[in-house]
Amino acid sequence: MTGLFLLLLIFFLLFSVYPIVFLFWKSTNVSIHLFPIVWSNIAVRHSFINSISLALFVTIAASVIAIPLALMTGFIKIPGRNFWKKAFLLPLIAPPFVSAIGMRQILSRFGSVNLLLMKAGVIEQPINFLGAGLTGIFILQVLHLYPIIYLNMSASLENIEASCIESAENIGASFWQTLRKIILPMSLPGYFAGAFLVFIWSLTDLGTPLVFDYSDLIPVSIFQSLTDIYSNPAGYVLVIFVCIIAIILFFSTRYFLEKISYVGIVRYKTTKEPLSVGKPLRAISLIYLGILLFISILPHAAVILNSFSEKWFLTVLPERWTLHYYREVFHHPIAKISLINSTLYSGIAGIITTIISLAIGFIIYRTQIKGRQILESFVIFPMAIPGIVFAFAFVLVFSETILDPRNFPVFLLVIAYVLRRMPFSARSIMANFQQIDISCEEACLNLGASRWTTFRKITMPVLKNGIVAGFIFAFAFSMMEVSSSLILVSKQQYFPIAKGIYQLAGRVTDGPYIASALGVLGMIVSFIALMMIYKLTGQENVSISV
């Protein structure tokens with residue numbers, strides 16, 4: 001086991017810690033001397049201001065949507081509560097840059113919304129809903145990211161001791177008093193964890209602005225700087241800026257979550273009934289949920305419609321329908337190779353992630369190796385570093401080596417997938433290790449069973465669901481990984497799905513339709529994965545935490 005522990009240390013130090021340390025060392029030398037020059041560039045300043053403003057407003061808008069949503073589905077007695085809880089996972093099944101293809105079809109100057117309003121006589125001239133592209137990016141990010149705050153808040157609300165709510169009701173507190181004095185304060189840990197992820201995700205989202213052809217954002221500036229990475233200091237400055245912000249927010253959030261404590265948030269929750277409210281509030285809740293769900297799935301629906309449309313131009317809905325573009329997914333050179341490659345890359349990443357997660361869980365909870373807890377820190381570390389920073393660091397560190405991603409990106413791409421999905425898969429498996437009473441394993445060993453037999457007969461049955469859920473998560477969400485796929489891969493023969501969709505979406509003929517079909521396949525995989533994880537973990541609310 002000591003050898004395995006050392007092997008894992010080498011892996012994390014080489015591919016997780018070293019690239020970031022090297023990036024800081026290299027960038028600090030560049031940034032200190034050239035920061036004033038870079039900052040004097042108007043384009044860089046615009047990117048900086050736009051990115052911070054976008055991330056801030058996306059976080060605020062997502063919060064405004066998610067907070068009432070979590071309260072309605074968690075505490076108000078409304079019809080179909082379980083349906084609503086599952087339905088609001090749908091926005092997560094496709095990254096915003098896939099939905100952007102559908103959003104352009106809906107909100108462009110001669111898109112479905114403008115045509116519908118003009119036919120109804122509401123407007124005479126089309127409205128430019130997407131602005132210069134930033135408005136569309138904002139809308140898509142909000143619609144994609146608010147479920148992250150919702151899921152984390154819902155998980156926090158589920159952990160509120162039922163007796164706290166009952167005690168408030170027994171002393172005559174109204175619904176609004178209970179909400180203000182008990183429910184909202186106790187949901188703060190989940191809210192801040194979700195808000196951190198939303199802010200960083202919005203700040204570092206690369207795919208969506210690329211699809212909208214909007215370049216005045218930090219991620220796009222970093223992406224463009226890769227063409228002259230050794231001569232253009234702007235990339236270094238912006239990467240370090242993003243990295244520092246992410247690290248500060250990550251550790252600030254973790255510190256806050258560790259310090260915050262409320263009586264009533266307990267380790268073992270008890271069953272609580274939803275609160276009975278008046279008919280007006282229940283009706284308002286149902287209307288809110290219905291409208292929000294409809295708006296949330298519109299971009300996804302547009303992508304699906306686009307994938308089946310033979311002709312969709314200057315009409316509210318497609319004029320003719322076809323399956324041609326789904327056939328093209330398996331015949332078009334870019335789409336076909338992207339689908340094959342992503343399945344292979346994601347499968348390998350899923351297997352590696354699961355094996356490493358299992359090894360880490362066993363070493364931490366079943367051995368006495370000194371320093372073993374550091375592995376948990378290495379698992380969490382990628383959550384503090386945005387994917388675009390890791391990808392940039394990989395290009396910087398491994399260029400002109402045997403692992404140069406410009407020549408053969410597969411190895412580093414798989415490693416990037418593993419590191420980005422490791423925190424979630426490892427936590428799933430490690431949580432299962434904690435559920436096993438070690439005395440059961442010791443009793444089995446005392447009766448003469450070997451360690452392998454004990455692991456197979458006692459440990460594995462408990463770990464089974466966590467292992468499968470961890471693999472499914474790593475596989476499915478690696479399929480739609482955006483930043484690493486766009487930055488590390490340049491040659492068509494190595495394209496993953498995200499790179500294939502990006503290349504196809506920019507073509508003026510049938511490219512967007514094939515890209516939509518490819519995106520729909522990715523959405524189906526993600527949806528099935530979410531439902532399977534939901535079933536395997538047996539959790540009513542799944543959190544995406546820090």
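Backbone N, Cα and C atoms are what each Cβ position is placed from, and that goes for glycine too.
The domain 'ABC transmembrane type-1' feature in TrEMBL is assigned to 48-249 (among others).
Here TrEMBL flags 54-76 (among others) as transmembrane segment. Here the transmembrane segment (54-76) has long-range neighbours at 84-85, 88, 134, 137-138, 141-142, 145-150, 153-154, 157-158, 179, 183, 187, 190-191, 194-195, 198-200, 202-203, 217, 274-275, 277, 281-282, 285, 288-289, 292, meaning same-chain residues at least 6 beyond its ends whose C-beta is under 8 angstroms from one of its own.
Long-range contacts of the transmembrane segment (88-107) within its own chain (CB-CB distance under 8 A, at least 6 residues past either end) are made by residues 69, 73, 113-114, 129-130, 136-137, 139-141, 143-144, 146-148, 150-151, 205-208, 210-212, 292-293, 296-306, 312, 480, 482, 498, 501-502, 505, 512, 515-516, 519, 522-523, 526-527, 530, 534. The transmembrane segment annotation in TrEMBL covers 88-107 (among others).
Marked as transmembrane segment by TrEMBL: 127-146 (among others). Only residues 6 or more beyond the boundaries of the transmembrane segment (127-146), in the same chain, are considered here, and those with a CB under 8 A from a CB of the stretch are 50, 54, 57-58, 61-63, 65-66, 69, 91-92, 94-96, 99-100, 103-104, 107-109, 111, 113-114, 117, 197-198, 201-202, 205, 208-209, 212-214, 216-217, 295-296, 299.
What TrEMBL lists as transmembrane segment is 182-203 (among others). For the transmembrane segment (182-203), the residues of the chain that approach it from at least six positions outside its boundaries are 51-52, 54-56, 58-59, 62-63, 66-67, 70-71, 75, 141, 145-146, 148-157, 159-160, 164-165, 168, 218-219, 242, 245-246, 249-250, 253, 256-257, 260, 262, 264-265, 386, 543-546, judged by C-beta separation under 8 angstroms.
Residues or ranges marked as transmembrane segment in TrEMBL: 234-257 (among others). Long-range Cβ contacts of the transmembrane segment (234-257) within its own chain (Cβ-Cβ under 8 Å, at least 6 residues beyond either end) map to 20, 23-24, 26-28, 30-31, 34-35, 38-39, 41, 44, 47-48, 189, 192-193, 196, 199-200, 203-204, 218, 221-222, 225-226, 383-386, 388-389, 392-393, 546.
Residues 65, 68-69, 72-73, 78-79, 84, 87-88, 90-91, 93-94, 98-103, 105-106, 112, 140, 143, 317-318, 321-323, 325-326, 512-513, 516-517, 519-520, 523 of the same chain sit 6 or more residues outside the transmembrane segment (286-308) yet have a Cβ under 8 Å from a Cβ within it. As annotated by TrEMBL, transmembrane segment applies to 286-308 (among others).
The domain 'ABC transmembrane type-1' annotation in TrEMBL covers 339-533 (among others).
Packing against the transmembrane segment (344-365) from elsewhere in the chain are residues 1, 4-5, 8, 11, 372-373, 375-376, 379, 410, 413-414, 417-418, 421-422, 425-426, 428-430, 432-434, 463, 467, 470-472, 474-476, 478-479, 496: each is 6 or more residues past its ends and has a CB under 8 Å from a CB in it. The transmembrane segment annotation in TrEMBL covers 344-365 (among others).
Feature annotation from TrEMBL assigns transmembrane segment to 377-399 (among others). Same-chain residues lying 6+ beyond the ends of the transmembrane segment (377-399) with a Cβ under 8 Å from its Cβ atoms: 8-9, 12, 16-20, 22-23, 26, 200, 203-204, 206, 219, 222-223, 226, 229, 235, 239, 242-243, 246-247, 250-251, 357, 360, 405-406, 412, 415-416, 419-420, 422-423, 426-427, 481-484, 487-488, 546.
What TrEMBL lists as transmembrane segment is 466-489 (among others). If one looks beyond the transmembrane segment (466-489) by at least 6 residues along the same chain, the residues whose Cβ comes under 8 Å of a Cβ in the stretch are 94-95, 97-98, 204-207, 210, 219, 223, 226, 342-343, 345-347, 349-351, 353-354, 357-358, 386-388, 390-392, 394-395, 405, 409, 412-413, 416-418, 420-422, 424-426, 428-429, 431-432, 495-499, 502, 522, 525-526, 528-530, 532-533, 536-537.
Residues annotated as transmembrane segment in TrEMBL: 513-534 (among others).
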